[in-house]
Each structure stands twice: as C-alpha cells, then as structure tokens.
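Participant: Got a structure for you, questions after.
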Amino acid sequence: MRPEHVQPRLLSELVPLLGPDAFVTCVDPAEPPLGTAPTPAATDLEQASSVDSVVVTGVTHDSRAVRPGDLYVAVQGQRVHGAKFAAQAARAGAAAVLTDPAGYDRAAATRLPVITVPDPRSRLGDVAAWIYGHPARELLLIGTTGTSGKTTVSYLVESGLREAGMRTGLVGTVEIRVDDERIDSSLTTPEATELHGLFALMRERDVAGAAMEVSSHALALGRVAGVRYDVAVFTNLSQDHLDFHADLHDYFETKARLFTPEFAKVAVVNRDDSFGRTLIDRITEQGAIPVTTFSATGDTAADWYATDVVLEAGGSRFRVVGPGGMAMDASVRLPGPFNVANAMAAIVALIEAGVPLPTAVAGVAAARGVPGRMERVDEGQDFTAIVDYSHKPGAIEAVLTSLRPITEGRLTIVVGCGGDRDRGKRPLMGEAAARLADAVILTDDNPRSEDPVTIITSMLEGVAKVPVAQRARITVEPDRRTAIELAVARAQPGDVVVVAGKGHERGQHVGDRILPFDDRDVLREAIRARLDTD
Ligand SMILES: CC(=O)N[C@H]1[C@@H](OP(=O)(O)OP(=O)(O)OC[C@H]2O[C@@H](n3ccc(=O)[nH]c3=O)[C@H](O)[C@@H]2O)O[C@H](CO)[C@@H](O)[C@@H]1O[C@H](C)C(=O)N[C@@H](C)C(=O)N[C@H](CCC(=O)O)C(=O)O
Ligand SMILES: Nc1ncnc2c1ncn2[C@@H]1O[C@H](COP(=O)(O)OP(=O)(O)OP(=O)(O)O)[C@@H](O)[C@H]1O
C-alpha cells in the first residue's frame, strides 16, 4: 500500500511543521545511552540542524511494516506503547523515530534521531501527507460515514466514477482497490500512515477519483487527518460501537466532525434519518460548507428525492427528482428500500463531485452486488438463501423489513452478536429479530474472549420484550455451522433464510484466533447436502 517512487524528504523540514511543542534529539553514537527524556525547555529548533542530513522516504506507525528510510511513529496504543518496538523498527532500517515523552527513552536507545511531540497519533495524518507530498489533494475523494451503508455507497460511487471514465480507487471494509489491483483490508478506514501511502500509490497509478468509508473510529483516532474530502456523505445513525463511544450522542458528534471544513468541501446528507436531519440543521446553521440533502422516501423537502419506487427481488427501480424539476429513471441491483437510500446517496454524491446525472445514474445501475451484502446463495433450491453483513440492530431491522415482501413462506434469520464489543446492542438485535422474523436461530458470531451462550442470553433479554403472540419461533444453537444447517433443513418452498453477521468475512474470531469460516460456503454446503438427500 505504498508508492514505488517517493521523493526523499529532509527530516529537518518536518520539525517546524510539527509546531513549537516538537523537539529533536540526535544521539552521538559515541555517547552512552540516553536515560531521561529532554524537557521542552531544552527545545531549540536549531537542534534540527543536527538532523539536516537525515532523509526519510516513508512513514509507519507499525514496526512490522517498517521499510528502510521510514520515519517510525511510536504511539501509545490501547494495549501497548509503540516505543516498545522502536528497536525492531531500527533493525528494519527506520531513519528516525517520532514519539511522545513517554516513548522517548526507548526511542533514544535506538540511537536514531528522535522527534518528540505531546500527541504523535494526532500528527500521523499531517506527517504522512507531508512525506508523500499531499497526494489526497490530487484525487477526487468521496468519503462516506454512517452506521450502515458505508461499504455499499462506496461501491456504488466507485462504479459511478468509473462510468465517468476515471481510473478509480476504493477503500473500505471488504477490500482496498487501486485501479484493478485488489488488496485485503483489515480496518474499515486504514491508519493515517497507510492511507496517505495508499493515496500516493493511487496518484502514481493515475487514479483520478476514489470512494472510501470513514468510520467513527477513524474520526476519533485521527486516521483521516490531513484528508479533505471533495464530498462527504452521511447515510444514517443507529446504535453501534458503544464499547468505543461513551454514548449515542458521542457517536453522533464524532461522525459530525467529518462535516466541517477541516475534512469536507461539500456535505451530502440523508434527510430520512433523524440524526441526518440534526446534522443538516447544524451544517446549515454553521454555514461553513454547503449541504445537499436526499430522501429515498419521496420527501420533497430534500434537494434530491426518489419517487415511484418499485421494489423487486433482484433490486429496485425508482425516479430521481432534483432541483428545478430535473428528473431521471434510475435503478439499483441491490434489493430492499435501504439500498434505494444507498443508491440515492451515491447518485447525489456523484453529482456534487461534478458527474452529470445520466452518468451517475448509469454508474449506479451498472454496479454489481457488494460481496456479503444481501448476497444470494443459489444452488437451485426451492427457497431463497441470503448472506448479509447485518450485525447491528438497525441493519437487522432494515434487512428483515425489506425481505418480508419477497417472502412467500416463512422468514428465518440465523443471527448472533460479536463478543468484546458494544454489549448494549445484543438485546436490541434479539428484539428486532424476534419481532420481524418468523423463525430465529440464535448462534455465535465472533465470540472473541466471551462464551457465546452468555452473548445469546443477553440477546434473549431483548427477545423477551416481544409479546409472545408476535414473537418468532426461537431456537438457540451456539454452533454457527449447526445453526445454518438447521435453518436449511427446516426451510420450506418459498421460505427465505437469511444468515446475518459475517457477510464477506472468512473467519470466526474465537479467543485470540481466527478460525476459517465463510457463511457463504457453509450455506452452500448445507444446501447441496440437503439437495443430495432429497
Ligand atoms: C480501537 C482501535 O481502533 N484500535 C486500533 C489501534 O490499536 P492501538 O493503537 O490501541 O494499538 P496497540 O495494539 O496498542 O499498539 C500500539 C502501537 O504499537 C504498534 N505496534 C504493535 C505491535 C508490534 O509488534 N509493533 C508495533 O509497532 C501498533 O501499530 C500501534 O501503533 O491501532 C491498531 C494498529 O493500527 C489497530 O489494529 C487497532 O484496531 C483494532 C484491531 C480494531 O479492531 N479496531 C476496530 C474496532 C476499528 O477500528 N473499527 C473501525 C470501525 C468499523 C465499523 O464501522 O464497523 C474501522 O475503521 O475498522
Ligand atoms: N442504508 C442502510 N440502512 C440500513 N441498513 C443498511 C443500509 N445499508 C446497508 N444496510 C445493512 O447493513 C449491512 C452492512 O452494509 P454496509 O457494509 O454497506 O454498511 P457499513 O456501514 O459499511 O457497515 P460496517 O460499518 O459494519 O462495515 C448490509 O448488509 C445491510 O444489512
């Protein structure tokens, strides 16, 4: 995720950019190891002259990713301080270390030049942008945030940019793409050092425009520092990540940061969402960036809205209506009303990025499915089997509601909830599943360090809130494979079985390990086994 050619930079030029709190130490190799951190009083930018000859050609916050010539940024993490790995970084060829006073001793012990600032994590974006020559400024960037729909909107936007004739990039949960090269993704939004390296690679490959997901973690942890999106999109907000954010208010405020001049030139916001409306009011009041609104439910108060929506099993058709009576028929190949909202978000974002309406509409219509999002597994069986990455209460609700109209028989959901993450969403997911499906099989889903039965018990608290007469049939099967097999064994002609949670993922996080597991494969095997015995 780095460019092949980087213009070498003088470390001494970085120091003034880091501000008055930055100070540099260069250890004379003949001297004994340093023991204590210098005080800011000892700071003297003159010292930067001692690093005049030090050149950096890259930057990383991860010692395992250091390349010769890199600036290694040692930050305090949740588990460990990165300075613990400074020696490893030095052995790999790091040219210098940037850290905080707590990391100084270990960094200085490497005898590399050390720059100290109070909060190096917050500087990662600016440093990386500087080292790679601000590549983000040369790309048309569309960033999407929201609890649900980030991946889908990003795929649709990328398709629109391609339709407009651009070489494109994509950064998100499922994958990272630089033109036609695909790279596995581990985070929804990469750390700032990786992100700017990636943008530089895109620039090197003549990529003109990129669509990317911006998670709330990214905004809170400074991963998108130094990036200003041409268009920033807000899809929706519902409960998630309250293991990380103090409460829903904090979660919203974190996302709202994207819609300020620091990060965005133009905002595109969903008017159908209550948090979206709050955001629209705020952006309008502040008047710092323009906001364009959309609605998938025909709200004529929005700048752009969808009417005449026809929902079909394979996707939807609708009419896009915009300012001054501009209108055009559109379609999206992804099923469900929420994908009309995602399509509207993408079309409006593309228009704001300068793509003509017919091109934007054609690009969204051309987009094929997104891996693991409402993905059908079809082995010729007489019921519908779907894998979907719904692992949040809002997503469970959206998926079950949108599948109901195409369900001729019963609607079954196999669902669990992740361990070591937002515990408050467990009952909410149990409740949504029990209220909206006919049959629910509660199972495990990335239990991590927790016992799946404990998680399921918490989901059952939500199930109990649904009056018995309106409640789905509930089965508890903690083994995910067995749960999927059970759903397949019980399916009748015309039923819909949705396996929620893992989507495109290929592993189960159990303890410290990732065990190979792909819902799509397991579902396929179960269906084939049943067809063989029928
Ligand atoms: C809360 C969070 O986001 N944590 C991320 C953060 O961890 P951390 O800073 O606490 O790191 P740490 O493990 O204590 O290590 C400290 C430092 O030492 C470095 N280190 C560590 C070990 C080593 O051998 N060498 C080394 O240099 C690390 O790179 C890090 O810079 O930095 C790490 C390195 O980049 C990330 O892997 C880690 O993501 C964890 C794994 C994670 O699960 N994050 C999730 C919650 C996340 O960010 N999700 C969002 C949202 C997804 C969604 O919308 O659903 C996302 O954007 O993906
Ligand atoms: N606009 C939407 N409103 C409600 N639910 C949605 C919406 N879009 C997608 N979903 C549901 O959320 C799931 C995940 O969709 P997608 O991957 O696009 O969202 P995301 O925001 O990228 O999710 P994550 O943050 O978990 O990566 C889908 O499979 C679907 O169940």
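Even glycines carry a Cβ here, placed using N, Cα and C.
Remember, TrEMBL labels are computer predictions, not curated facts.
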Participant: Name the residue, out of Arg421, Arg471, Arg528, that TrEMBL lists for the same meso-2,6-diaminopimelate site as Asp445, Asn446, Pro447, Arg448, Gly501, Glu505, please.
Facilitator: Arg421
Participant: Can you give me the residues near the recorded ATP site, meaning same chain, not Gly146, Thr147, Ser148, Gly149, Lys150, Thr151, Thr152 themselves, Cβ no more than 8 Å from the center of the site's Cβ atoms?
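Facilitator: Here the non-site neighbours turn out to be Thr144, Val153, Glu213, Thr235, Asn236, Asn342.
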Participant: With respect to ligand 2, which members of the binding-site residues Gly149, Lys150, Pro447, Arg448 satisfy a Cβ distance under 6 angstroms to one of its atoms?
Facilitator: Gly149, Lys150
Participant: Just how many other Cβ atoms lie inside 10 Å of the Cβ on Lys150 (ATP binding site)?
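Facilitator: Around the Cβ of Lys150 (ATP binding site), 25 other Cβ atoms lie within 10 Å.
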Participant: Applying a 10 Å Cβ distance cut-off over all chains shown, what neighbour count does Lys255 (N6-carboxylysine) have?
Facilitator: 23
Participant: What is the average pLDDT across the domain 'Mur ligase N-terminal catalytic' (56-129)?
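Facilitator: In the predicted model, the domain 'Mur ligase N-terminal catalytic' (56-129) has a mean pLDDT of 95.
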Participant: Taking Gly146 (ATP binding site) as the reference, which of Arg421, Asp445, Asn446, Arg448, Gly501, Glu505 (the binding-site residues) have a CA within 10 A of its CA?
Facilitator: none
Participant: Which one of these binding-site residues, Asp445, Glu505, has the sparsest Cβ neighbourhood, judged by other Cβ atoms within 10 angstroms?
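Facilitator: Output over binding-site residues Asp445, Glu505: least Cβ neighbours within 10 Å is Glu505.
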